[in-house]
Every structure is written in structure tokens, then in C-alpha cells.
Amino acid sequence: MKSVRYLIGLFAFIACYYLLPISTRLLWQPDETRYAEISREMLASGDWIVPHLLGLRYFEKPIAGYWINSIGQWLFGANNFGVRAGVIFATLLTAALVTWFTLRLWRDKRLALLATVIYLSLFIVYAIGTYAVLDPFIAFWLVAGMCSFWLAMQAQTWKGKSAGFLLLGITCGMGVMTKGFLALAVPVLSVLPWVATQKRWKDLFIYGWLAVISCVLTVLPWGLAIAQREPNFWHYFFWVEHIQRFALDDAQHRAPFWYYVPVIIAGSLPWLGLLPGALYTGWKNRKHSATVYLLSWTIMPLLFFSVAKGKLPTYILSCFASLAMLMAHYALLAAKNNPLALRINGWINIAFGVTGIIATFVVSPWGPMNTPVWQTFESYKVFCAWSIFSLWAFFGWYTLTNVEKTWPFAALCPLGLALLVGFSIPDRVMEGKHPQFFVEMTQESLQPSRYILTDSVGVAAGLAWSLQRDDIIMYRQTGELKYGLNYPDAKGRFVSGDEFANWLNQHRQEGIITLVLSVDRDEDINSLAIPPADAIDRQERLVLIQYRPK
């Protein structure tokens, strides 16, 4: 009976965090609008080989993540939930692997359930796992690969070992097809310390080639198909999207070596109090094979991405699966022997909630700031933000009432965040970061436009997805579409600032021309170097400028 209650509680937890509130949040640009539009175009065109954005070749990532996103929109429609359905599914599948692997290591159902709940409630997992990017997909394949390798190395027969390594190759192949060759480097680096300490080189060399073969066979059909259709894909994807992004001096998202320290601290909420003890206990028990495996899984990718020049928080998402297992194991030991870490965790959550309440007041219309984040007419959003932090502090306090039994309720600290964050975003943020909001405000003007131009790729993708059209033209800036715009068949999809007046004269009689520009908050739009317009509609950071036929 208790198991049934636990399962009902888990399903309610998943529904409140990962299902019910998702549609209330508008899509963020540039990431969510980009991936939403790529998948929409894939469904509309029926081309499941070559990814396109705004009708242009888009070679920043391989194809598998777009497949999953497209299936999400196909099943649930072109809406906020449909766009995010794929990442939510991947996150829940990863949580299922955490459950299975924890059971496999410790044969303890309660521990497995706690590890799953901890994983799903980690701030970084929830933030990325409900955000339509490709990282939850690659995290799933990496976690599946680590589970497959363990399964292979623990098998007692050659059939079991062979099956495990074949499965490992498939997961690595799907990882390559999702985000590239890092899906090969990360698992290898993660298992090497364990293989070395356990002296399991023989099995690795005997059966490892099976993983190589299955990985190649997984990637080969699509790899050959896109090479035939687009011969430049692999050259661009390898040199620009791998070498330049991560290793060269001009790598994207450059950050210092210690970049991931604050990411891990913030990402571990609401379980931050367990982090030091989980790592220390894991190190102290490093003679235990499973503990070494989890430690290596956590630390090695972290070191690898810390050394790389290009860094983003999303890169280390897969590390938190193993960290959640270490945290759950340590938490049960602490509850039984010394609950000090659990008390510290409760106080950290109280402090975080109270700090958030104070910070919300400071940036509210009633605070000391001259330019508050929220305006007076948005008071309900301020109360939503207060509710988010109040619930965080409340559940932090509740875990202290009988800490040996109530500590798992820290998983409910982010409940207010999950349910209310979509209602608390300030209008000034929505107007710049949520193109859907802009489209809703300007729908009547945008809909009849013959041509739409914009100077932001993220806004362009949002307009294209909302209006169900892929012919948005880039104005002045090419951004990440620079490569696709270099192809001869992309002629006419970019208009420079100097060319705009002539282009306008040539196309004005064909219908309404709409220009959507991103501007600074205090920028005078009358000073823009553009021909006089027939209509201007400013929505804070975005401005709609229209030219009608004459």
C-alpha cells in the first residue's frame, strides 16, 4: 500500500512540475523559438534529412534532436507544450534511468525513488528539462550510455557483455546525431578512472569494438544521406561547431576555468546542503566500485568542460544524474546517523526564499529602485514572485520540523517556481524575449504583410513560428544564419541597411512591408536610418514599422 502511495505522489509531482504549468510559459528567444521553428519547418516540408531555419540551411547541430522536437509538435500541435514535449519526455526518461541504475547499485526501492525525485527537482535539471533546447536529449543519451557500459561490465556472460557494448554504441551514435562528437568524448572520459581503478582493461579492449561498430552503423544512414544532399555539412559541423566552439581562442561562450563552480552551487538547489557530504562520502568510499563509477561520472565531464574554452551551464547536465544518486545515498545515511547536513539544507532553502522575497521587494514598484523591474499595473506578477520564494522558504522550514523524516519535502521548494514563474515574468522582459507576446499585440498588422524583415534571428524564428511562415528576411544582421545565407539559393533573404531604401522602392507595390527592429529601451526610433514609415508601433524593445503600397 505504501508503494502505491509513493507512486501516486511521484506522478502528482511530475504533473505539477513537468506537465500542468508548461503551456503557461511563452517561448523564449533565441533558443526556444529557433528549435520550435526548425521542427515546424521539418514537419511542413517533410525534409527529415537536412535541417532548415527560415528556409535556410542550418548546420549548427545534427538531426536527431529536431526529429524528437518535430514528433512533439506533431503529437501535441504547434503550441508551447508541443514545442517542449520532447525535452520533457527526454528528462523523464533520464529520471527513469536514474531509478533503474540506483536500484541496480543498491537494491533499495526507497533510495531509487528519492534519487529520482532529487534529480527531477534539481534547479538546473528543471530549468533545462522544461526548456526547448537539445541538451536534455544529449543528457539522456549520455546517461543511457553510462548505464549501458555498467550493464556490460557487470555481465557474467559474453552475450551479456556484447549486448551491453552494442547498446552503448547505439546511445553514443544517437548522441552524435543529437549534438555531435562530444557524445563520444564524454562517456570515454567518464569511465576511464573506473576502468583503471578496477583493472577492467581486458573487457574494454575485447568488447569495445562492438560499441564502435554499433555507433558507426547508427550514424551511417543519416550521415551518408546528408553528405549526399549537402557535401559541406560534415566539414562545417566538425571544424566550426566543434573545434572553433570549444578549443580555439575565438571559441563561443568563452568563460574562465572556475565557471562551473557557481553553476553547480545554484544548480544543486534545493539540495545544496547535501552536495559537500555526497562528494566527500563518495570519495571516502572510493573502494566501492559503484561509488567510484558515480564519482567519475560526475567529476570527469566537469573537468573536461572546465578546460574547454567555450562553456555553457547546459553542457554539464548529465553530471547531475550521478550526483542525484550520490546525494540520495548520502541523505539516507545522514538521516540515520547525523542529520546535520539535512538541517543545513533546510536553512539554505529558508535563506534562499527569504533573500528572494527581499530582492523581489527591492525591484518591485514599491521598492527603492528608480526603474523597477515590474510596473505598478503588474502588481499581481510581484505577488506571484513573492509566492514563489515564500513557498521555497516554507518548505525549507517544514523540512526542519522533523528533519529525519521530513527532509525529502525539500523537493517541493521549487513548486511555486514551477507553477507561477510563467505568470511572474515582467512585461519589459516579455516584450524583448517573448516574440509571441509581440505577435499577440501586433497580430492585425503582421498578418497581412507581404514581406517581414527583422534584425534578430531569435525574433525572426519567433515570428516565423507564430505566423506559420518561413520567409522572414534578415535585415542588417545575419547572426547564426550567416552560413546558410552564403548559398546562391538564399539570395534575397538578407537586406543590408544601405540597401534597404532601394529594396523598399522595388518591392513596395507588391504589398505591405513590415520591419521589426530590436531597439534599446531609451533609443529614439525617430533617429533610425530608415525611410519615413506609414505606421510605427513600439512595444518597448521591439518596434513594428510598416510601409504600405503607394
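For all residues, glycine too, the Cβ spot is worked out from N, Cα and C.
What Swiss-Prot records for 7-27, 81-101, 110-131, 137-154, 165-185, 204-224, 255-275, 288-308, 315-335, 346-366, 383-403, 406-426 is transmembrane segment.
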Intrachain neighbours beyond the transmembrane segment (315-335), with Cβ under 8 angstroms and 6 or more residues off its ends:
94, 97-98, 101-102, 105-106, 110-111, 114-116, 118-119, 122, 124-125, 128, 135-136, 138-139, 142-143, 146, 186, 260, 263-264, 267-268, 271, 274-275, 277-279, 281-282, 291, 294-295, 297-299, 301-302, 305, 341-342, 403-405, 407-408
Answer with yes or no whether the transmembrane segment (204-224) touches the transmembrane segment (81-101) by the criterion of at least three Cβ pairs under 8 A, sequence separation 6 or more.
no
Same-chain residues at least 6 beyond the ends of the transmembrane segment (346-366) whose Cβ lies under 8 Å from its Cβ atoms
269-270, 272-273, 372-376, 378-379, 382, 385-386, 388-397, 399-400, 403, 407, 410, 413
Other same-chain positions with a Cβ less than 8 Å from the transmembrane segment (406-426) and lying at least 6 residues past its termini are 13, 16-17, 20-21, 24-26, 114, 117-118, 120-121, 123, 126, 269-271, 331, 335, 339, 342, 345-346, 349, 353, 373-375, 378, 380-382, 384-385, 387-392, 395-396, 398-400, 434
Restricting to the same chain and to residues at least six past its boundaries, which positions have a Cβ under 8 Å from a Cβ of the transmembrane segment (165-185)?
61-65, 134-135, 137-138, 141-142, 144-145, 148-149, 151-152, 207-208, 210-219, 222, 237-238, 241-242, 246, 304
Hey, which bits of the same chain come close to the transmembrane segment (204-224), Cβ under 8 Å, at least six residues off its ends?
49, 62-63, 152, 161-162, 164-170, 172-174, 176-177, 184, 195, 234
Should anything in the same chain at least six residues away from the transmembrane segment (255-275) have a Cβ under 8 Å from its Cβ atoms, list it; otherwise answer none.
118, 121-125, 302, 305-307, 310-311, 313, 316, 320, 323, 327, 330-331, 334, 341-349, 352, 392, 395-396, 410-411, 413-414
Counting only residues 6 or more past its boundaries, what in the same chain has a CB within less than 8 Å of a CB in the transmembrane segment (7-27)?
33, 36, 79-81, 83-84, 88, 91-92, 113, 116-117, 120-121, 126, 129-130, 132, 411, 414-415, 418-423, 425, 430, 434-437, 462, 465
